[in-house]
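Feature annotation from Swiss-Prot assigns signal peptide to 1-17; the stated evidence is similarity to another entry. Annotation source Swiss-Prot lists N-linked glycosylation site at 53, 130, 396, 580, citing sequence analysis. The substrate binding site annotation in Swiss-Prot covers 106, 341. Positions annotated as active site, proton acceptor by Swiss-Prot, on the basis of sequence analysis: 193. Look at Swiss-Prot and you will find 371 tagged as active site, for cyclooxygenase activity. Summarising the annotation, Swiss-Prot assigns heme b binding site to 374 and lists sequence analysis as the type of evidence. Look at Swiss-Prot and you will find 516 tagged as site 'Aspirin-acetylated serine'. Per Swiss-Prot, S-nitrosocysteine is recorded for 526, and the stated evidence type is similarity to another entry. The O-acetylserine annotation in Swiss-Prot covers 565.
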């Protein structure tokens, strides 16, 4: 009797331990649902597939799969045949048709309304309605799975410090072959910190950015109280100060706005802006100053056009115009540069007016994680003829005043950024940030890279060498993880083989683009009821939005209208750059990377 009782207890224990959905049996976005303790059922509804595991394509799906080119093939076509694309770009019907396909095919890969969060790996009202969570592209790995990645890989994940040191840490600066510059790097950091605002007091799965999109709270403040402290309440403008004839943000002392500065920073250098962390580096404060000037400039334009408007209407309409400018710059300059396409991307909300499209957005935790592009950062920051290491650069707004915005723009336009994919290019100064990114990913129980590749319609990697494109890091990965299906998302994105002469690998682009375009085009100003001249104060305001570019933003707000773009002016610089090619560890004694982590999100 005792033996039978023990066997029964063992059977019950085993049945409870083995969640049948841990193996991710349901393919092609089928939903796995447990049926008792040891059975599962795949819900294949509207996937285009059927069968026990949603693995058999329906007739129309089979045809689509036969005709559909691979993402790498599409990328090759879009980045070659420049003469053909010049013709396509000059024919509005063709350009509009292709752009519409780009927008719909990408944005339809994002669930809207949102589905999961870190605490709900099944659909629930809480996961839908609670805006304080980041949503999830894939549900978290269940707590009762035998390994951290479900059923694949080792029982314990490798030490995150080992992962960083062996695979991610820079040995020597690797410049980006696409010619990405520091104007791009700081734009990316400034732009994304309006919606990547992790609430670390509650945990990495929570956000303080409740707008979940492009609302410019990094300019105006997340709360009404912060906004009011930053506003002048005259002619719609934001508070400012004039130093040597140039407009800069006001100080913390003058606004009583909470900012993060070390105690030793002089009061006159503690500038106050919408995002509390933007005092961290002068590159962020550069963009904060440019957008402050742009807001007040737009207010002047609207005031002349509408002398009858009060302060509130001037402020609110200027904010909508700046949102429009931001989205246009991001699509037509920022994403255009990242893509490397000869096809010219276009910001035109009307392309989606006859499509099924939801004008809402929820930021996904995975989008936040994949955007940790710390390899962009150089070893030192070159401004005019001076170089600054990290210790000299951090929390040092005096550099901005000393050099001025014109020199900043000219210098950052010339300075090349690092390559993100390919591994071993995270600067030593931010290695603790990279480690924290891995640790937080584990807290959120992300599935493996291959599961995310399947989620975004990519073929899973079959070997470590296929992932990295070389042997040394592939061997390190295998020693750390044991199974290609158990490699973590964040490290994999950074060690992935880059596309030819590109900044990213396939996974980063094919995952990031849907999140990005859905977030941009899902903004309310892109909806039919908003996208009209009256929303922006008439044709004058509408024109500001429709003619915006990174160059016009700089020309309108920086003395001398210095040339700028998101890539270094001379493509040959990517071959010959030596500014940052020194061995990174040679100046480690000058760097205090922990200052980046203390009391704030690792997103920086």
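Each residue, glycine too, has its Cβ placed from N, Cα and C.
Shown here: features listed in Swiss-Prot, placed on the structure.
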residue	record	DSSP (3 states)
53	N-linked glycosylation site	coil
106	substrate binding site	helix
130	N-linked glycosylation site	coil
193	active site, proton acceptor	coil
341	substrate binding site	coil
371	active site, for cyclooxygenase activity	coil
516	site 'Aspirin-acetylated serine'	helix
526	S-nitrosocysteine	helix
565	O-acetylserine	coil
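Of the listed recorded positions, namely 106, 193, 374, the sparsest CB environment within 10 A is found at 106. Around the Cβ of the residue listed as 'O-acetylserine', 17 further Cβ atoms fall within 10 Å across all displayed protein chains. Under a cutoff of 8 A between CB atoms, and with a sequence separation of 6+ in the same chain, the neighbours of residue 526 (S-nitrosocysteine) are 327, 349, 352, 359, 520. With respect to their backbone Cα atoms, the residue listed as 'active site, for cyclooxygenase activity' and residue 193 (active site, proton acceptor) stand 11 Å from each other. Using a 10 Å Cα-Cα cut-off from residue 516 (site 'Aspirin-acetylated serine'), the recorded positions that qualify among 106, 193, 341, 374 are 106. Residues near residue 341 (substrate binding site) in space but far in sequence (CB under 8 A, at least 6 apart, same chain), listed by position: 78, 79, 85. Ranked by CA distance from residue 130 (N-linked glycosylation site), the recorded positions 106, 193, 374 have 193 at the top as the closest. Counted within 10 Å of its Cβ, the other Cβ atoms near residue 371 (active site, for cyclooxygenase activity) come to 18, all protein chains included. One residue stands out among the recorded positions 130, 516 for having the most other Cβ atoms within 10 Å of its Cβ: 516. The DSSP secondary structure for residue 396 (N-linked glycosylation site) is coil. Within its own chain, residue 396 (N-linked glycosylation site) has 269, 282, 388 as residues 6 or more apart in sequence whose C-beta sits under 8 angstroms from its own.
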